[in-house]
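First up is the structure itself, then whatever we jot down about it.
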Amino acid sequence: MTEKIGVLGKKTTQRTDVERIVVTPLPTVYGKFRAFGYFDHERGDEQVALVHGDLGAEDVLTRLHSECLTGDAFGSQHCECGAQLASALRQVADAGSGIVVYLRGHEGRGIGLLAKLRAMALQAEGLDTVEANLALGLPVDARDYGVAARILDDLGVRSVRLMSNNPRKREALVRHGIRVAEQVPLLIPPCESNITYLRTKRERLDHHLPHLDAAMAHVSS
């Protein structure tokens with residue numbers, strides 16, 4: 001490992017497995033961001049972190065967003081991923097500073113795009129998202145957040161306010177040395193197309209979704 005003065009003006013630790021390649025301005029509909037591009041030499045993935053404003057080291061508003069082509073790009077209502085990404089970018093911009101780490105290689109909770117589509121086909125036949133993965137002989141959740149922790153480390157971030165409903169993300173960051181000062185809910189109103197999926201995330205994957213009961217009553221009425 002070597003130390004360097006990063007683009008943000010902080011001394012950061014450069015780890016050889018995740019290398020910062022480029023920084024560029026990225027104006028968006030939510031506000032002005034900077035895109036920090038990284039290459040993960042261990043996995044061969046290209047990664048990006050969108051940074052808004054001037055970051056401190058502590059309690060940085062942060063979203064770790066697993067890539068979801070169907071939700072983020074196509075507006076799929078099978079999940080709430082696209083709406084969560086938009087909400088996270090908006091909240092970071094409104095807060096004046098923060099980070100959205102967009103995690104490539106996390107498609108379908110880490111099983112890949114084609115496997116995810118196969119799992120979605122099984123869900124259309126009546127299996128839930130957990131049962132579908134297992135029926136395909138795949139892990140329920142294969143995501144690793146080590147690269148996210150190394151990106152935060154490169155940006156000089158030691159603790160975060162984590163926008164997530166998933167306790168496993170918090171646990172993973174803590175294991176990798178990033179303190180989670182607060183877990184900030186990122187709740188999206190469900191629709192008829194994703195209510196079963198969200199219920200499974202709550203009941204089988206331990207996601208914190210306190211708004212779901214009232215929403216389920218509304219959807220079924």
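Cβ coordinates come from backbone N, Cα and C, glycine included.
As written in Swiss-Prot, here are the features:
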ACT_SITE  Asp141  active site, proton acceptor
ACT_SITE  Arg143  active site, nucleophile
BINDING   Arg63, Leu64, His65, Ser66, Glu67, Gln84, Glu107, Gly108, Arg109, Thr129, Ser164, Lys169  GTP binding site
BINDING   Cys68, Cys79, Cys81  Zn(2+) binding site
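Mapped onto this structure are the features recorded in Swiss-Prot.
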residue	record	Cβ neighbours (10 Å)
Arg63	GTP binding site	25
His65	GTP binding site	21
Glu67	GTP binding site	20
Cys68	Zn(2+) binding site	23
Cys79	Zn(2+) binding site	21
Cys81	Zn(2+) binding site	19
Arg109	GTP binding site	21
Asp141	active site, proton acceptor	18
Arg143	active site, nucleophile	20
Ser164	GTP binding site	23
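Closest by Cα distance to His65 (GTP binding site), from the recorded positions Cys79, Cys81, Asp141, Arg143, is Cys81. The two recorded residues Cys68 (Zn(2+) binding site) and the residue listed as 'active site, proton acceptor' have their Cα atoms spaced 14 Å from each other. Every protein chain considered, the tally of other Cβ atoms within 10 Å of the Cβ of Glu107 (GTP binding site) stands at 20. The Cα of Arg63 (GTP binding site) lies closest to that of Cys81, out of the recorded positions Cys79, Cys81, Asp141, Arg143. The record assigns Arg63, Leu64, His65, Ser66, Glu67, Gln84, Glu107, Gly108, Arg109, Thr129, Ser164, Lys169 to the GTP binding site, and the maximum Cα to Cα distance across that set is 23 Å. The recorded positions listed here (Cys79, Cys81, Asp141, Arg143) include Cys81 as those with a Cα within 10 A of the Cα of Glu67 (GTP binding site). When the C-alpha distances from Cys79 (Zn(2+) binding site) to the recorded positions Glu107, Asp141, Ser164 are tabulated, the minimum falls on Glu107. Secondary structure at Cys81 (Zn(2+) binding site), as computed by DSSP, is helix.
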